[in-house]
Amino acid sequence: MKTFVFHIFIFALVAFASASRDSAKKIGSQYEHYATCLTENDAAADDIFTILDITSGHHKNENEHDKQHKNGCVMHCLLEKDGLMTGADYHEEKIREDYIKETGAQPGDKRLEALDTCMNETKDMTDKCDKSLLLVACVLIAEDSLATSTEASTEA
């Protein structure tokens, strides 16, 4: 029993350390075209929100409008270069396929439901930059919320 509890503790510690490390990452920085998209949008890495900025809601600060738009344009560039968007239009099936590959989500996974909800909530937006940032933010916030609720249910 002690060994089982110890393994659970180690698993939780590794998950926490991984989440903390990931939260400091700049959104989109793990993708191949990140540097190109920064250059194409006259952005520096310091201009880009971290995952924590998004999940904590800091990106919604009214004083951050220019930064929000710049972040959105970088996200749009990444999505377009990966074939997930053309202009302001999503390629929904391709987005789902790539998301499944990246996350390992299976049918019925709440993350897929969240992705669909996020696409539906933003699909009618016409500004491609704002639309891209809101999609990415929506997905990151949903993933964070789902992870938090999963952690809470395993602790109970």
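Residue positions begin at 1 at the first shown residue.
Every residue gets a Cβ built from N, Cα and C, even glycine.
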Cysteine from Cys77, Cys118 that Swiss-Prot links to Cys138 by a disulfide bond: Cys118
Residue among disulfide-bonded residues Cys73, Cys118, Cys129, Cys138 with Cα closest to the Cα of Cys37 (disulfide bond): Cys73
Those disulfide-bonded residues listed as Cys73, Cys77, Cys118, Cys129, Cys138, and which of them has the most Cβ atoms within 10 Å of its own Cβ: Cys77
Inter-residue C-alpha distance, Cys138 (disulfide bond) and Cys73 (disulfide bond) (nearest angstrom): 16
For Cys118 (disulfide bond), the three-state class that DSSP assigns: helix
